[in-house]
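Here Swiss-Prot flags 174-231 as ATP binding site. Feature annotation from Swiss-Prot assigns Mn(2+) 1 binding site to Asp298, Glu312. Marked as Mg(2+) 1 binding site by Swiss-Prot on the basis of sequence analysis: Asp298, Glu312. Residues or ranges marked as Mg(2+) 2 binding site by Swiss-Prot on the basis of sequence analysis: Glu312, Asn314. Among the features that Swiss-Prot reports, Mn(2+) 2 binding site is placed at Glu312, Asn314, with the record citing sequence analysis. The domain 'ATP-grasp' annotation in Swiss-Prot covers 144-345.
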Amino acid sequence: MKFTHPLDYYRLNGKQILWYMNIGEDQDSQASNYFPSVKDPQSEKIVVQQEQQLLFLARPQDTVFFHTMPEQAFLDYWKERRLSLPSIICCDKLSQVPDLERYTIIPFIVSDQLLELKRRYPHMDIIAPDLAVCREINHKFNTRRLMERNGFNVTTGYFCSDIESLEHAYEQLISAGFSKCVLKVPYGSSGKGLKVIDNERNFRFLLNYIQNRQTNVDLLLEGWHPHRLSLTSQLFITEYEVHLLAVTEQIIDPNGVYKGTNFTPALSQSEAADYREEILRAGELIRQMGYRGVLGIDSILDTNGELIPVIEINARLTQVTYILPLVIEQKKRYEFVESRVLVFNSRADLDFEDYENDLSEVTRDLPVRIDLYNFCKASGAFKNTYKLFVLVSAHNSEQLIKARSLLDELNTKMTTAVH
């Protein structure tokens, strides 16, 4: 059977495509009931602006929906890099788009909010997997049980239904030699819905917090497996087939903070073959559940060489999905490609051009290509918060390491800048 590329799959009904990154909407979430959390309005503004990444997956004949219009300098920067930009519609809400029913919406995530909009505009099409199937797949506990039933290797862990079983699980994991544990609730992606526990004091604090706020306990406590590689696979699932689109490595610092994605992970031939086999096997189970479209699976290869193929499934597009066309293009010319996320606070009021000039100055003598593909900024009373995404393409690992160092130096400089 002929492979239908995802971009063609999304165009099968022949209507105008409207890309929509509703990244702030959840399919389901219970994390806030269990774990202490603080709302940060600046961070929420930053998250919305990550919709700029839609520009790289959309085709010129498509339309993208933005809540916030990117700076013209950012759009000109990409025109100079020969990116054919789609049409852009900028509104506060998707419902404000004129003649909405003439579009086929391709969202970041299918949600109750989006389905409610569909009820209001019945002729508007949405290409997305079934929400009930997504919820079943995103449920961390159901996914773990499904993998166990089908012979997949899973982390050492225990389901906990009360405070006593949670205490017992922690004691068991510490006795088994784990120095850290991960406490999970059923739902929550991108680090939401889990807490890393690195000592008993933190465990006792969390235990008391949960005990004071919950009557029903539904948790999973897992031992922390030291990672050699934190892998993510992108799958495209149709009615009849499962396709592996990409295998990437998440770059995580010692504090567990996400720093970027390595698009050329260091897997041996046998490791890559084993990983592919297990991921496609997991994908087939997901296909049988009725899922259709793109999704991401998080995996780990630990320091003992043990592969745990399914840690978490995100039944939606991922941010890696959006820049895959850009990555594929760079991999034709460069051996090493990775994205870097740069986050800093500064009193300086920087625009895209300011930062791009500083970036060019710092990396001028380095024989690598650096693309600034997302510029997010949120202004506050005393500081401005910035989050930038860059794609670094290099011919060898030495160049890549040097580029990382220069980017970190620039981050430090920007933090202390006044401008």
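Cβ atoms here come from the backbone N, Cα and C positions, even for glycine.
Counting only same-chain residues six or more apart in sequence, the Cβ atoms lying under 8 angstroms from the Cβ of Glu222 (ATP binding site) belong to Thr155, Thr156, Gly157, Tyr158, Leu173, Cys181, Val182, Lys184. Other Cβ atoms within 10 Å of the Cβ of Asn314 (Mg(2+) 2 binding site), summed over all protein chains shown, number 19. Calculated from their C-alpha atoms, the gap between Asp198 (ATP binding site) and Glu312 (Mn(2+) 1 binding site) amounts to 21 Å.
Between the CA atoms of Glu312 (Mn(2+) 1 binding site) and Ser230 (ATP binding site) there is a gap of 12 Å, rounded to the nearest whole number. Calculated from their C-alpha atoms, the gap between Ile174 (ATP binding site) and Asp298 (Mn(2+) 1 binding site) amounts to 25 Å.
Its Cβ placed at the centre, Ser230 (ATP binding site) has 19 other Cβ atoms within 10 Å. Secondary structure at Asp198 (ATP binding site), taken from DSSP and collapsed to helix, strand or coil, is coil. Taking the Cβ of Ile174 (ATP binding site) as centre and 10 Å as the limit, one finds 15 other Cβ atoms among all the protein chains shown.
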